[in-house]
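Chemist: One structure follows; several queries about it will come next.
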Amino acid sequence: LPLLLKATLLRLASGSYRPFYNGFYYNHIMNDNDDGQDKVDYFSGTRLVVETSKDPVYSYSGANVTLACHYRYEPDMGPKRKIRIKWSKLRDDYTKEQDVMVAIGKTYVAFGDFKGRAHIRQASRREVSLVINDVRLKDDGKYRCEVIDGLEDESDVVDLRLQGIVFPYQPPRGQYRLNFHEAEQVCQDQGAILANFNQLFQAWSEGLDWCNAGWLADGTVQYPIRLPRKPCGGVHLAPGIRSYGPRHRHLHRFDAFCFSSALKGEVFYLDRLAGMTLEEAKQSCQDAGAEIARVGQLYSAWKFLGLDRCSAGWLADGSVRYPIVTPRANCGPEEPGVRSFGFPSKGRFGVFCYKER
């Protein structure tokens, strides 16, 4: 990029360019007498309007998604200069932004994890939509589309939500053994990320009830209760999300709530007459051109692909589980779910494998 243009884009991304706005736009211009008194050139009456989708945009891991954004003038007029565009990803509390992309005309710069995955779509007049390719789990969240024309600066927010499932996770060594950073890692190892509060709340509204507290992505520790009971906050508390609030990310230890999205591939079951050890199970998946499935992949296949198998199988973390969509005799409780046999140190079972499409 030309040096001056690149410097302008980077300054725009840094957030240092913040034109004054209080309902009117104006420039301060020194008057002819140079007596220190400012003459105010008031806003001419043309208003810049930025609009994004009012409804959340839903996608899934590995997909391509477009976050629509358009701007216009009221009354209509042509822009007096090149429009500058800034897309940012917001925290849930709006207190911090992550730069995604800035653009002037057809020249743009993407930042961080969005390099090579994001670009501006301008298929129609005054469209500045953001296209994200190969959507990742951590792309879930709110995005701000900001349009800057001289001193006029307007923006709107669009919500990108990944279709997914929240599942509680304990490591092989037992309950409440994970600090925050270890919780992040175990979720990643299972093809997932730490869930955020909105994802946990959605899971609770769909029926998730879990009495063990777990880390969330913001460093808080919470757990969802549908049926109040004595060990889970007491019988007199209403159903809801119980919270321990923020906890020390190194010293305190809990379980984890992980979030996994819909799959690009498929999960399938393999077995032998005499069953398999864990190592034999891994090899069987490789022989089938696949890999042993992770916990997040099994949960996603159960929820989004209707995987129903009343046969226990190994997973990559050394646990043995099986998914039930239609509860029936000899297949566990009366509710649908992913059943767990824990982490057996010995035994022979089938295996769940995962293969990309």
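Positions of Cβ are set from backbone N, Cα and C atoms, glycine also.
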Chemist: Considering the candidates Cys285, Cys331, which is the cysteine that TrEMBL reports in a disulfide bond with Cys310?
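Modeler: So the cysteine paired with Cys310 in TrEMBL is Cys331.
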Chemist: TrEMBL pairs Cys232 with one of Cys211, Cys258 in a disulfide bond, so which one is it?
Modeler: Cys211
Chemist: Check the domain 'Link' (266-355) for me and report the mean pLDDT.
Modeler: 96
Chemist: Return only the integer: C-alpha distance in Å from Cys211 (disulfide bond) to Cys310 (disulfide bond).
Modeler: 25
